[in-house]
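Chemist: Dropping the structure in here first, questions after.
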Amino acid sequence: MIVRDILEQIVAGQDLSRKETETVFAAIMAGAWTPAQIGALLMGLRMKGQRVEELVGATQALRACMTRVEVSTDHLLDTCGTGGDALSTFNISTVSAVVAAAGGARVAKHGNRSMVSRSGSADVLEAAGLRMDMSPAEVADSIERIGIGFLFAPAHHGAMRYAVGPRKELAIRSLFNLMGPLSNPAGAPHQVLGVYAERWLIPMAEAARELGSRHVLVVHGHDGLDEISLSGPSDIAELKDGMISRSRIQPEDFGLSSAPLATLQIDSVAAALAAAEEVLQNRPGPRRDVVLLNAGAALYAADVVPDMAVGVVVARAVLKSGAAWDKWQALLGRTSQG
């Protein structure tokens, strides 16, 4: 496959097939494309408009060369989203993952350091004391023994290194932002997947279906949050039993009060860690409430509860009982829970 021909095809506004995209991204991850060529491809795809078939093909290439974590996928959940909302909230999906684990989900939390916000999942977990150099076997043991483990993206997606430079220099969202959440190294088939733009709700659900996911909630808040929002409505595209449906929810649907986005924002990793721990210690307020929403959705996506409303009830209970705090301590290796 000649690089020039692929770029000419994209410049002409012609979509790549799933197989063509898989071949292109496999070549990129093998180091066969130069940084300039990778940058041209990413910009060309963005300008043309990125299609589901292209996203699926690229993700298949990424999955083919990732370092896997071998665990049972029963009720195995991820809460990794696209990121890129640039709203600098505390780590809602990470805290929600811990609460979901305390509520009975098995969690393979996939994540990375922050690109545009104040604190990514890896940033806050590392600040809390979690090692980022855990082997796949150690991560698998954490999932099986504790019920939650963290999969640090660079440790499992080494082939992505060839695209790091072009992505940083372009400094725009690209297909890679969408591929990452669809490439859980443990193969988690259950997911709450936040997206940075409403237009990606259905395409991401369609891609997840093509890639074999079981139950996925693709979510986007009207305030731009790539989580279920507390400041107003959130849209959801749900993949379940092979079917995709759309819905809109509000905090009041679950007995919670709306609150301004500013109540969830932080300005440093230290502030993000403090926010996470105050929620896990069940301190009332908007931060706890937004976690109740997202953890409730996570428990539903994991098929631990019959609907999101019950999930919110369970999330509230594990925070109140201290089970969520205990799960956090176990994840960090401070207790021997198992």
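Here the Cβ of each residue, glycine as well, is placed from N, Cα and C on the backbone.
Annotation source Swiss-Prot lists anthranilate 1 binding site at GLY81, ASN112, citing sequence analysis. Summarising the annotation, Swiss-Prot assigns 5-phospho-alpha-D-ribose 1-diphosphate binding site to GLY81, 84-85, THR89, 91-94, 109-117, SER121 and lists sequence analysis as the type of evidence. Residues or ranges marked as Mg(2+) 1 binding site in Swiss-Prot: SER93, GLU227. The anthranilate 2 binding site feature in Swiss-Prot is assigned to ARG167; the stated evidence is sequence analysis. Marked as Mg(2+) 2 binding site by Swiss-Prot: ASP226, GLU227.
Where in this structure would I find these features, and how exposed are they?
Modeler: GLY81 (anthranilate 1 binding site) carries neither a helix nor a strand DSSP state and counts as coil. Around GLY81 (anthranilate 1 binding site), the same-chain residues six or more apart in sequence whose CB sits under 8 Å from its CB are SER93, PRO181, VAL192, LEU193, GLY194, VAL195, TYR196, VAL219, ASP226, GLU227, listed in sequence order.
Classification of ARG113 (5-phospho-alpha-D-ribose 1-diphosphate binding site) by DSSP places it in coil, neither helical nor stranded.
In the three-state DSSP scheme, GLU227 (Mg(2+) 1 binding site) is classed as coil.
When secondary structure is read from DSSP and collapsed to three states, ARG167 (anthranilate 2 binding site) falls in the helix class. Taking a C-beta cut-off of under 8 Å and a sequence gap of six or more, ARG167 (anthranilate 2 binding site) has these contacts in its own chain: LEU42, SER174, PHE176.
There are 27 other CB atoms within 10 A of the CB of ASP226 (Mg(2+) 2 binding site), with all protein chains counted.
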Chemist: For SER93 (5-phospho-alpha-D-ribose 1-diphosphate binding site), just give me the three-state DSSP call.
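Modeler: DSSP assigns SER93 (5-phospho-alpha-D-ribose 1-diphosphate binding site) to helix.
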Chemist: Taking each of the binding-site residues THR89, SER93, ASN112 in turn and counting other Cβ atoms within 10 Å of its Cβ, which one has the fewest?
Modeler: ASN112
Chemist: What residues, ordered by sequence, lie under 8 A Cβ-to-Cβ from HIS110 (5-phospho-alpha-D-ribose 1-diphosphate binding site) and sit at least six positions away in the same chain?
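Modeler: Result: ASP78, CYS80, LEU151, ALA153, HIS156, GLY180, PRO181, SER183, ASN184, PRO185, ALA186, ALA188.
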Chemist: Can you check which residues sit near ARG113 (5-phospho-alpha-D-ribose 1-diphosphate binding site), meaning Cβ under 8 Å from its Cβ, same chain, 6 or more apart in sequence, and list them in order?
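Modeler: In sequence order, GLY120, ALA122, ASP123 meet the Cβ cut-off.
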